[in-house]
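Quick look at what TrEMBL annotates:
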type	residues	note
ACT_SITE	R167	active site
ACT_SITE	S239	active site, proton donor
ACT_SITE	E335	active site
DOMAIN	20-191	domain 'FAD-binding PCMH-type'
Amino acid sequence: MPHAQLLADYSLRPHNTFGFDVRARHAMRIDSVDAAAALANDARIIDMPKLVLGGGSNVVLTHDFDGVALIVGIMGKRVVGEDDDAWLVEAGAGENWHDFVAWTLAHGMPGLENLALIPGTVGAAPIQNIGAYGLEMGERFERLHAVELATGAHAEFDRDACAFGYRDSFFKREGRGRYIITSVVFRLLKAWTPRADYADVARALEGASARDAQAIFDAVIAVRRAKLPDWTVLGNAGSFFKNPVVSADAFESLQAREPGVVSYRQADGQVKLAAGWLIDRCGWKGRGIGGAAVHERQALVLVNRGNATGAEVIELAEAIKRDVLARFGVELEMEPVCL
Ligand code: EPU
């Protein structure tokens, strides 16, 4: 297997949805599992730091990268198994997530419709366990295939090994930077049931003639378009912070002071708070630092007004964190990965 072409002084602007104009000293496009496995014995890059990039929709690039950026372009979508209960569907890591969701629906295999229009690639989806409108990817996940960067060894991870949590997995923690995910297999149940409880989606469905998977897909797209900025127009990385989870006691004392606080009781008794509401309440909506700003319709989304740097976005995020901590005693945690 010949090694992939090594590109020099490569702009990462098209590979991060914030649109930051940072450069990588080197880059390689990884278009096959073999090319991923060959990296471990490629003498040209063996000692270089490596950065695996899919769609770059959950990363903040704060400076040029003195290493090799690995742009994953492994394609392919296919049904790899079927039993009485479900279809097993596999997609290459480089496939666009939304196109894959649309493809599953077009082929009569619903189950991912709540995750329509999430930016990024299939291979990035498990890293932060993408979720929206009442569904997390981990609930439809069967297994994934990966290559260990240091050895080139093939690895398979089942759901337990991925240790999915809320916007979290093994690949954001112990596994960070160690693997290239090459493909992901989903289990889509034949006995489909709608997830349409999320208030915005339920409202968007009111006028719809059906309540099938296609209707939910269309409703989710409409809700996202109304609230979230299109990264091709206004650079962003979706929610910039996780919704923080606090103890029941902490929540009660907060609610006594701030009766309007938006919250969701968790199964374990703890309470998840809407970080967008906390930030909004601190008066940040529409405000910014330099080219970085808080989105006007969704305070949880930080945007690049055109000429922002990653450092400005981080500076803005720190200022927001300080305000939310001072006012509510709540610590916000960043959702995207910061380089
Ligand atoms: N809110 C405000 N002001 C704001 C923003 C939100 O008051 O500026 C309040 C709203 O009233 C609403 C509540 O906060 O009642 C929650 O807002 P929203 O429904 O927009 O959802 P979110 O909690 O802000 C989460 C996910 C999104 C996901 C949506 C829908 C996280 C960190 N974010 O946002 O995921 O699309 O729910 O399920 O969990 C992402 O992770 O990148 C992402 C976009």
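Cβ from N, Cα, C; glycine included.
Feature map: TrEMBL annotations on the structure.
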{"residue": "R167", "record": "active site", "Cβ within 10 Å": "21"}
{"residue": "S239", "record": "active site, proton donor", "Cβ within 10 Å": "20"}
{"residue": "E335", "record": "active site", "Cβ within 10 Å": "21"}
Would you mind reading off the Cα separation of the residue listed as 'active site, proton donor' from E335 (active site), to the nearest angstrom?
7
Secondary structure at R167 (active site), reduced by DSSP to three states:
coil
E335 (active site) and R167 (active site), distance between Cα atoms, whole Å:
7
